[in-house]
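Here TrEMBL flags A:14-157 as domain 'CMP/dCMP-type deaminase'. Annotation source TrEMBL lists substrate binding site at A:55, A:56, A:57, A:58, A:59, A:60, A:61. Per TrEMBL, Zn(2+) binding site is recorded for A:66, A:115, A:118. Here TrEMBL flags A:68 as active site, proton donor.
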Ligand SMILES: [Zn+2]
Ligand SMILES: [Zn+2]
Ligand SMILES: [Zn+2]
Ligand SMILES: [Zn+2]
C-alpha cells in the first residue's frame, strides 16, 4: 500500500493517542523566533515511555536543530536507543534499530514531513520498518515507514571505515 | 517500475557518458582526510554543460559539506540553476526546477546514494522527476528520481512565511 | 587576562568538581563510531543542577551533532535555559543568557575547545561572560568565556526580522 | 591592537577595493527567500584573482549554506585553495593556509561577522593570520584576523586519526 497511509500498522489506538498528545504538546518547547514554525516530536519506546523534542533555531539558520533530532539526541543520552550490550567492535551497527517503536512529528499547519536531514539522522537509530506519524494541528495524521521516507538510504553499512577507505583510495 | 533502475529514462547515452566521466573525475577534488571517502558529483544542465562538486570535510565533522551540495552551490553562483526572470515576490518558488537535467554522484566503492541532507538541499533546485545517477567506482550505475529518493518531501511549499506563521502561532 | 586561563573566575571549587565529573562521565554516552573521538559536555545551571550531552555521529558526517549542542537542546526541552515569562514579542531575545552558569566539555585527549558551530549554537542561550571549561582526559582544564571564544559574534541582534529585511532588500 | 579594526594590515587599497566590489556584488546571487538576509562573500587569492559566494537557504533552515562556505567550496573545486603538491599522508595538514589572502563578507545592513560555523569551515583552509573584512551596505568595513574571530580553535591538529582514537578509547 502506497505511503502515506491514514492509519498505523504497528500502533494500537492508545499508543497512537499517546504519541499524538506528546507530539502536539512538545511544540510548546519550540524555540523558533526566526521561522515561527513550531515543530514537536515524540518517540514511543518499546516499553511505552516517551521522549520528546522541539525545533531549536539559531540566528545563523544552518546552526539550528530540528525537533526530530532533538528528540533522538535526548533518547540517546537517556540510554533508551542505543544497544548497551554490543561489543565495541560492533558498536557501529549495534546501535541500529533499538529502542524506537515509532516517531511522531507535529506542526501548527495541516501537517508536514521530516526534512531529509532528519530522515538521515533517524536512519542511524530507528529500524527501517519503523513508522513515522505526521500530525497536523488538528491531530489528523499520515503514516509512512522510514524505509518509505528514505529509500535507498546512505547508512552505516554504506561507509567502510576510514582505514579501509584509505587502502582503497591508495589503489585508485 | 521500482527504483533504483539500471537505466536512465531521461538521458541519452552521450549525456550519461558525460555525467559518468565528470562525476568520477570530480572525486579528485575531494578534501576528505577524515573519512577518506571521496565523493564526486556532476550536474548536467539543459544546455549540455556540466557543473561538478566534491565533498569537503572539516575537523568538526558536522561542518563539512557533501559533494552534491557543493555542485549545486557552484551552479547557483554561476547563474545556472536559478530563475533569473522571476519576480522578487515569486523568487521563493521561481528558483525551483530550473536548470538541472540530471545529477550524478560517484564514489570509490560499488556505489552509494545521496544522504538525506543532500536530498533535501537538492529539493530546492531540481524538479522532482529529475534523475539522480549513482555511479560506482567501475562506472556501473543505478538510477532513481528525486521524488523516489525523497517522497513526501518537506519543500518550500510546506513552509508558510515567517509572518504568516506568526499569525497562526498567536491563535494557538 | 588572556584566554585561556587555568582557573575559573565564576565557579567555586565544588561547582568545578561537579562540572568536571559530569563532563568526563558524559563521554560514555557518546555515539562516535566514525571518529572514535568521544566528547562529553555538561551545563551547570544556576540552581546547581546539571544537564549533560555527548556527541552523536552519523554515517553522513555533516548530519551528526556535537556534545555541547546535545546538552543545550536537552536543557531547552527541560525548560532550564529559556525565559518562560518572556512576552512572545520578546521571545527572540528573551531566551538569551538564562539558565546557564557554565558549560564544561571533556575529551579523551589532552583537551579541546568547542568547534565554531557549537560556539554559535551556545551564543543563543548563554550569556557572553559565561565560562566554558575545557577538560582533558586527566581532569586538567582551561577556561575561557563565550565572548573570548566567539568575539564579534553574529547573534540574534545581528539579524533583523525576515519582514524588515524584505523591506531593506527591495530598496537596494 | 584590539579587533575589529577599521583598516587592513595586509591589503593594499586596490586589493581592498576589489574585495569590497566583489563582496557587495555577490549578494545578487543570494538565494534567501526565508530570511531575506542577503550575504555576499569574496576570496582574494594570492595571485589577485577572486572567488565569490552567496548564502543559499533551504525550506529546512539547517540545510542551507552560508556565503563564506559557498565561496570556499568553489575555490576548492577550482583548485585554488588546496595544496596540490602535498603528499597524501600530509594532505590533512597540507591543505591548510594555502591560497586565501583575505576573505570579504558583505550584507545589506551596517555589517555583520561570519557565524561560528563559517569560522570553523574557514579554519580548514585559511591561515590564522589571514584577514576577514566585514563590509556593510555602504562599503564601510571592519577587519579581524581568523585567529581573532576563532581563538583557541578546534582544527585538524586537534583531532587524532580515527584509528589512533580507537586505540586511546580502548584504554579508557
Ligand atoms: Zn529536519
Ligand atoms: Zn550528503
Ligand atoms: Zn561542535
Ligand atoms: Zn555562516
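Here the Cβ of each residue, glycine as well, is placed from N, Cα and C on the backbone.
On a predicted model such as this, the values are computed, not experimentally measured, just so you know.
Where TrEMBL records a feature, it is marked here on the structure.
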residue: A:56; record: substrate binding site; contacts (Cβ under 8 Å, 6+ apart): A:30, A:31, A:32, A:64, A:65, A:70
residue: A:57; record: substrate binding site; contacts (Cβ under 8 Å, 6+ apart): A:31, A:32, A:33, A:34, A:35, A:64
residue: A:58; record: substrate binding site; contacts (Cβ under 8 Å, 6+ apart): A:34, A:64
residue: A:59; record: substrate binding site; contacts (Cβ under 8 Å, 6+ apart): A:34
residue: A:60; record: substrate binding site; contacts (Cβ under 8 Å, 6+ apart): none
residue: A:61; record: substrate binding site; contacts (Cβ under 8 Å, 6+ apart): A:34
residue: A:66; record: Zn(2+) binding site; contacts (Cβ under 8 Å, 6+ apart): A:39, A:41, A:55, A:114, A:115, A:117, A:118
residue: A:68; record: active site, proton donor; contacts (Cβ under 8 Å, 6+ apart): A:39, A:41, A:53, A:103, A:105, A:114, A:118, A:121, A:122
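In sequence order, the recorded positions from A:55, A:57, A:68 that place a Cβ under 8 angstroms from a chain D Cβ are A:57.
Following the DSSP three-state reduction, the secondary structure of residue A:118 (Zn(2+) binding site) is helix. Comparing the binding-site residues A:115, A:118 on other C-beta atoms within 10 angstroms of each C-beta gives the minimum for A:115.
Checking the binding-site residues A:55, A:56, A:59, A:60, A:61 against chain C with a Cβ-Cβ cut-off under 8 Å leaves A:56, A:59, A:60. Proximity to chain B, defined as a CB-CB distance below 8 A, holds for A:115 out of the binding-site residues A:60, A:61, A:115. Its Cβ placed at the centre, residue A:55 (substrate binding site) has 29 other Cβ atoms within 10 Å.
Proximity to ligand 4 (Cβ under 6 Å from any of its atoms) holds for these binding-site residues out of A:55, A:59, A:60: A:60. The helix, strand and coil residue counts that DSSP assigns across the domain 'CMP/dCMP-type deaminase' (A:14-157) are 51 helix, 30 strand, 63 coil. Across the residues of the domain 'CMP/dCMP-type deaminase' (A:14-157), the predicted structure has a mean pLDDT of 89.
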